[in-house]
Structures are given as structure tokens and as C-alpha cells.
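Read the structure below first, then the notes.
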Amino acid sequence: MDFMTILSNILGELFAPTTAAYALAAIGLNIHFGMSGLMNMGQAGFMLLGAYGFAITQMNGCDLFTSVLTALVLAAIYGILLGIPTLKLGPDYLAMVTLAAAEIIRIVGRSTSLTWLTGGSAGIAPQNFTEKFENASPLPNGSTKFLLWTYNNNIANSWWLRIVAWVLVAIALLLCWRWFHSPWGRVLKGIREDENAIRSLGKSVTKYKMQALILGGLFGAIAGIVFILPRSLNPDSLGRTVTFYTWTILLLGGAATIMGPVLGSCVLWVLLTAVKETMRVTIPTTVVSSNQIE
């Protein structure tokens, strides 16, 4: 593998769909933790629900708008069900409940009794839910080269997906900037610092926390959709590791900052790809195979 190919693979992660998906998930987590102080240890649960809502409705012939709306509604309902029993308690309870709930969704999704709906442990193949997204592309058929990278214009792992994914990230950042500097955002920051002080001002702390939990979950659902478009929907690919990666991204980039989630996602995935590419070049396949490196 030559140096330019390695460099292309590493730098390509800066605008890869997976990087954008994790940035969106971390933006949602930033609303939870960075903005409101909510210890959500189950962001993967929101992502998995959003992914299932999108994929299953696409399999049943719904249009893209209906599928995305279904994903968002499922995430909102999930946030409400999580928030009602936990938000009046301490952050430790929310952390435990969200972690457990995300695992329950994953285990239920891979259940053999739901194979007809979720595909079980095998998941849902991409050709079952990507066709309408690909057909919505205004780009011409074929491939396009830009600098070091050549991708197909319209298939799922394409320029079209990259454009949509990063436009969504840009919109999310703009919305967060607006919310962070709004009276609503200042109340959430106050709750993060001292919720008793906010409560003494007559504000409903639980209501604001619920709003933040739902809103961050909606970004998680969108992240789940972006995450599955270039691959199959496998419940095990949206397990605990995804949540831990999302937390790493948020803390790496800086919690309670606007650009932190995007910066953290880019840095993490570039570093991971650099390590993988270095291992492929320096370690013989007789010692470690390419599949083991992945």
C-alpha cells in the first residue's frame, strides 16, 4: 500500500459518513451533558431506535419524510419514557437507566422472535432501506474524483451521503449555537451548575431536563439514520461501544462547546484510521489479519 493511499484513507475520515454520524450523536450528548448536566450513558439507544424506525418504514414503502419523522417520534417517546422515572432523581440513576435501556433495545432488536421485523441478530441489509435515499440524489450517475478521493455519486456510501450528512451536522451546529445563547439555554446551564438555585426562581427543573433529554435524543436518532446508510443495520453495531465512543468524542472535543463534538469526532476517527493503516503496513498478515485489525 503506497503512501498516498494511506494518506487518502486517513484524511478521508475527516468527512466520512461515520464521522458525521458520531458528530451528530455527540451533539445530542452535548445537549444532555454539556448543556444540562444529564448523564446519558445510552445514546446508542436513541441511535438504534432511529435506525430501526427509518429502516423498517422504508422496507414497508414509506417515503423518506415519513421514515425520518417516525424515527424522531420513536426517539421522543423513548426520551419521555426514560425521563419520567429518573429525572427527579440524581444523575447516577439516569446513567444506569439509560445504559440498561439501550442494552434492552439492542437485545430485543436481535431477538429471534422479531426476525420478521428487525432481522434478528443478522439485522437489515442496506438494499432494503437505501433505495429511496439514493434515488433522491440530484447528482449524475457515475463517480467523481475530488483531490485524493474518488467515490460514487449516488450509492449509499457516496458523495451524496457525505453531502447530506455534513449538511445535517452544519444545521445541528447552527441550532445548538442558537439554543446555547437563548434564555432556554441559559436556564439549562443554570440547572447544570445548581438546579436548586433555578428551582428557587420558580422554574420547573424537571420540565427543562425532559426537553433537553428529548432534544438530544432526536439528534441521536438522526445520527442513527446516517450511521446505517453506508452499511447494514445490525443491532450489535450500535451497542455500548458506540455510546463510549460518543462520550470520548465529546470529552476529547470539549463538552459545553459548539464545535467540540465535530472536532472530537474528526480527531478520533482520523487517529483510529491512522493506527489501523500503520498496523496494516508494519504488521505481517501472518501475525494479524486485516479482519482482526478492523
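Just so it is clear, glycine is given a Cβ too, placed from its N, Cα and C backbone atoms.
Remember, TrEMBL labels are computer predictions, not curated facts.
Straight from TrEMBL, the features:
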TRANSMEM  20-52  transmembrane segment
TRANSMEM  64-84  transmembrane segment
TRANSMEM  159-180  transmembrane segment
TRANSMEM  212-229  transmembrane segment
TRANSMEM  249-272  transmembrane segment
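The stretches the transmembrane segment (159-180) and the transmembrane segment (64-84) do not meet in space: the count of Cβ pairs below 8 angstroms, excluding pairs fewer than 6 apart in sequence, stays at fewer than three. If you count C-beta pairs under 8 angstroms between the transmembrane segment (20-52) and each of 64-84, 212-229, 249-272, the highest count goes to 212-229.
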